[in-house]
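Novice: What TrEMBL shows for this protein is this:
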- 11-68: domain 'CBS' (DOMAIN)
- 75-135: domain 'CBS' (DOMAIN)
- 124-155: region 'Disordered' (REGION)
- 156-186: domain 'ACP-type MB' (DOMAIN)
- Cys161, Cys164, Cys180, Cys183: Zn(2+) binding site (BINDING)
- Cys161, Cys164, Cys180, Cys183: Fe cation binding site (BINDING)
Amino acid sequence: MNRDVTVQDVMDREYVGVSESDGLIDTVELLLRNDAETAVVQRGSELVGVMTQEDVLALVVEGPEPDTAAVGDAMTESVPTVSPDTGLDAAADMMSAQESHRLVVTAGPEPMGILSERDLLAGRELGGPAEPRDSERAVTEASTGMEGDSERGGYEDRSICEACGTFASDLSSFNGQLLCPDCRAM
């Protein structure tokens, strides 16, 4: 991802904010009306938790009854947060490390918005072509056995002829097969 694109550039600034004492059913209806997957739980302006679809499903299975439950019964108190000026690579790493599908964007104690996995994907398009990180490059090199070949003009533009099995760079489609020049001449 382009390191110039930040969380603030791609986050969703509109979020559903609720309190711990709000009714669960009312909050779920609010989430559905707003086409949201997460409610930010606040005590005044202080961030105290989040309630996700997964939290609601867990409460339905484990109890108490949804009709009598409050947001505080279902919410997750540990809130993964990220600063708005964080780069998308760092935010993706944080999301992965915390095994979360979303991060609450905060500047000080107050939430500013939500960063979802979808937002990260949209940010990839904003940032232009992705530059592989060192860890991604190492995984690619280990799996292909072609250390550094892409930097030296290696094998990325070559493939195998479907007729003779030759590894060639100038394959062309001929009668539905990718063929090297020798096989096309036959």
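Just so it is clear, glycine is given a Cβ too, placed from its N, Cα and C backbone atoms.
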Novice: Hey, for the Fe cation site built from Cys161, Cys164, Cys180, Cys183, who else sits with CB inside 8 A of the CB center?
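Specialist: Those within range, site residues removed, are Glu162, Ala163, Gly165, Thr166, Ala168, Leu171, Leu179, Pro181, Asp182, Arg184.
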Novice: Under 8 Å Cβ to Cβ from Cys180 (Zn(2+) binding site), same chain, six or more residues apart: give me those in sequence order, or none if nothing qualifies.
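Specialist: The list for Cys180 (Zn(2+) binding site) reads Cys161, Ala163, Cys164, Thr166, Ala168, Asp170, Leu171, given in order along the sequence.
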Novice: Sort Cys164 (Zn(2+) binding site) into helix, strand or coil using the DSSP assignment.
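Specialist: DSSP call for Cys164 (Zn(2+) binding site): coil, neither helix nor strand.
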Novice: Which residue counts does DSSP yield for the domain 'CBS' (75-135) in the helix, strand and coil classes, in that order?
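Specialist: Taking each residue of the domain 'CBS' (75-135) in turn, the totals are 22 helix, 17 strand, 22 coil.
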Novice: Counting other CB atoms within 10 A of each CB, which of the binding-site residues Cys161, Cys164 comes out lowest?
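Specialist: Among the binding-site residues Cys161, Cys164, the lowest count of other Cβ atoms within 10 Å belongs to Cys164.
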Novice: Please list the DSSP helix, strand and coil residue counts for the domain 'ACP-type MB' (156-186).
Specialist: 5 helix, 10 strand, 16 coil
